[in-house]
């Protein structure tokens with residue numbers, strides 16, 4: 001009939017429009033779509049492994065059984081088509097970006113220190129358990145969410161549970177706080193790198209203007225030099241008195257002036273960051289081929305060199321010798337949970353952003369297992385790189401490894417390891433590649449953290465920022481640089497420690513806890529697993545479902561409870577942080593988390609309907625009202 005022909009023409013136009021925007025157009029899947037076990041097709045006729053998804057593009061053609069005179073049904077569903085979205089040039093660009101983000105400075109200094117502090121080889125048991133039941137499921141969940149909804153950490157909540165949209169804003173603020181202090185550590189490394197281009201490294205002598213009377217100069221050839229409790233190595237004085245200049249600041253109440261040398265170093269770091277991410281993942285995906293692979297080459301070189309040093313075996317034994325009694329301590333399990341969480345990095349919006357640029361049917365399950373395994377293995381190998389050198393230093397000083405390894409955090413790299421490098425043959429070469437590695441490890445994480453913010457803002461305000469990405473990135477980098485100026489003062493190291501302990505840790509863990517609750521309990525594990533099934537052709541198994549619903553929330557509550565029950569005693573060098581700094585730190589942390597309840601109140605006041613209706617995801621409401629155009633035509 002004429003009406004049938006007109007409907008056919010309309011359906012053809014709809015399908016053509018969808019094909020033209022094949023990569024990024026979206027057609028919402030019906031709630032009833034399920035994979036048919038017998039045919040491997042969903043109910044609207046999509047093959048489960050087709051190159052395109054119902055959320056991405058075309059209509060569905062389902063063949064109904066019938067004889068020669070039967071009919072064929074064409075079901076077309078249409079929603080608003082999104083603008084074209086950028087994608088990764090290659091799969092390896094994505095994998096290297098995720099690995100570069102997950103493998104950061106913490107893998108090199110934090111894991112080895114926490115490992116030997118909590119029972120050596122015995123610590124690997126709680127670490128692996130926390131990884132399997134907590135870290136990896138969260139990692140997998142974020143990759144799947146980002147890939148399915150193709151949105152940043154703010155706009156994704158309109159598809160999941162709009163009332164929790166404040167989580168996205170909180171993540172962006174936390175990312176800014178991290179950028180304020182994390183890049184300063186790279187500025188320190190750049191200062192060391194520039195100081196390494198000389199035949200005699202400046203942290204090997206006690207004749208410099210910054211040295212004190214307690215400076216004890218020694219090399220492996222100085223057999224007559226003795227090390228006492230009052231001795232200070234030239235490496236420690238170079239770090240504290242020349243690079244940081246903390247002796248010029250009495251504490252957080254009087255930070256002092258900005259170090260112009262560090263200000264220039266940080267300016268160079270942010271310049272590199274800007275020109276690496278200003279064009280999007282097309283450019284940053286190429287940069288990570290260098291920044292994500294070079295650290296592994298350096299780690300291999302340092303591992304081989306460290307293994308050949310005298311006393312290296314002492315460090316290895318100290319690193320891995322198990323102390324099973326420590327497993328009875330709650331602190332060990334708290335440290336294992338916190339380490340795997342901050343190492344894999346769910347909750348910072350980065351995994352959502354990176355996965356959103358993937359093809360719809362990319363196997364994010366496999367990606368999650370590969371990248372998380374590489375991350376954990378890197379942490380383990382880094383322990384050998386660090387402790388072979390600590391054993392060497394203990395042999396030189398005729399002290400125990402536990403005495404040499406008393407420093408944690410950046411001091412482990414910039415004092416102990418820098419000093420060990422200075423005592424090696426070809427010290428200049430090893431110093432250059434080591435500090436290059438530190439810079440590249442930090443750059444990868446900075447690329448990722450800022451890309452999470454950029455993707456979130458561009459997806460939330462596309463009409464305002466989509467065509468002004470370069471200017472927005474420039475403004476963001478400028479804000480980060482200005483925010484980091486307090487960390488470049490003489491007391492800047494105290495600010496870095498304050499941000500690290502209070503401004504990010506508790507806040508981001510609480511945010512991820514709410515994210516898991518929103519996805520597993522509000523959006524629903526069943527619906528989330530159906531989404532994964534549409535992408536991958538198979539549904540997550542019972543293990544993943546139980547982890548998302550119960551184990552991961554308990555895992556995160558365990559970490560949050562540990563922070564509240566055992567607040568950290570913060571100190572740096574000889575400075576003990578007073579009580580008012582603790583209050584200040586928690587205020588900074590709450591300033592990001594406050595976005596979550598604030599947006600909930602705003603959403604409830606501005607949206608009409610019951611609580612269930614206003615908290616319901618936009619995509620789910622759309623699925624209930626989208627009309628289907630059904631066309632019957634004779635089977636040929």
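Heads up, the Cβ atoms here are built off N, Cα and C, so glycines get one too.
Here TrEMBL flags 1-64 as region 'Disordered'.
The annotation compositional bias 'Polar residues' is assigned in TrEMBL to 34-55.
Per TrEMBL, transmembrane segment is recorded for 94-112 (among others).
Per TrEMBL, the feature transmembrane segment maps to 124-145 (among others).
Sequence annotations record features per position, and here TrEMBL assigns transmembrane segment to 166-194 (among others).
According to TrEMBL, the disulfide bond annotation covers 206-215.
For 257-275 (among others), the entry in TrEMBL reads transmembrane segment.
Same-chain neighbours of the transmembrane segment (287-313): 92-93, 96-97, 99-100, 103, 276, 378, 381-382, 384-385, 388-389, 391-396, 424, 430, 433-434, 436-437, 440-441, 443-444, 447, counting only residues six or more beyond its ends whose CB sits under 8 Å from a CB of the stretch. What TrEMBL lists as transmembrane segment is 287-313 (among others).
For 333-357 (among others), the entry in TrEMBL reads transmembrane segment. A Cβ distance under 8 Å defines the sequence-distant neighbours of the transmembrane segment (333-357), meaning residues of its chain 6+ beyond its ends; these are 85-88, 94, 97-98, 101-102, 106-107, 110-111, 114, 117-118, 123, 126-127, 129-131, 134-136, 138-139, 141-147, 149-153, 156, 168, 171-172, 174-175, 178, 281, 364, 372, 375-376, 379, 448-449, 451-456, 459, 505, 508-509, 511-512, 515, 555-556, 558-559, 562, 566.
Taking Cβ pairs closer than 8 Å, the transmembrane segment (369-394) reaches residues 95, 98-99, 102-103, 107-109, 111-112, 115-116, 124, 127-128, 131, 135-136, 139-140, 296, 299, 302-303, 306-307, 309-319, 340, 343-344, 400-401, 403-405, 412, 416-417, 419-420, 423 in its own chain, all 6 or more past its ends. TrEMBL lists 369-394 (among others) with the feature transmembrane segment.
The transmembrane segment annotation in TrEMBL covers 414-441 (among others). Remote same-chain partners of the transmembrane segment (414-441), defined as residues 6 or more beyond its termini with a Cβ less than 8 Å from a stretch Cβ, comprise 103-105, 107-108, 185-186, 188-190, 192-193, 196-199, 201, 203-204, 219-220, 233-236, 238-239, 243, 269, 290-292, 294-295, 298-299, 301-302, 305, 309, 386, 389-390, 392-393, 396, 404-405, 407.
According to TrEMBL, the transmembrane segment annotation covers 471-496 (among others).
Residues or ranges marked as transmembrane segment in TrEMBL: 502-522 (among others).
Sequence-distant contacts of the transmembrane segment (542-565) (same chain, six or more residues past either end, CB-CB distance under 8 Å): 130, 133-134, 137-138, 140-141, 330, 333-334, 337-338, 341, 505-506, 509-510, 512-513, 516-517, 519-521, 525, 528-529. What TrEMBL records for 542-565 (among others) is transmembrane segment.
Feature annotation from TrEMBL assigns transmembrane segment to 577-602 (among others).
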Long-range neighbours of the transmembrane segment (94-112), counting only residues six or more past its ends (CB under 8 A): 88, 185, 281, 284-285, 288-289, 291-293, 295, 319, 339, 342-345, 350-351, 354-355, 357-358, 362, 367, 370-372, 374-375, 378-380, 382-383, 385-387, 408-410, 412-413, 438, 441-442, 444-445, 447-449
Segment proximity, the transmembrane segment (257-275) to the transmembrane segment (577-602), 3 or more C-beta pairs under 8 Å: no
Under 8 Å by Cβ from residue 215 (disulfide bond), same chain, sequence gap 6 or more: 206, 232, 233, 234, 237
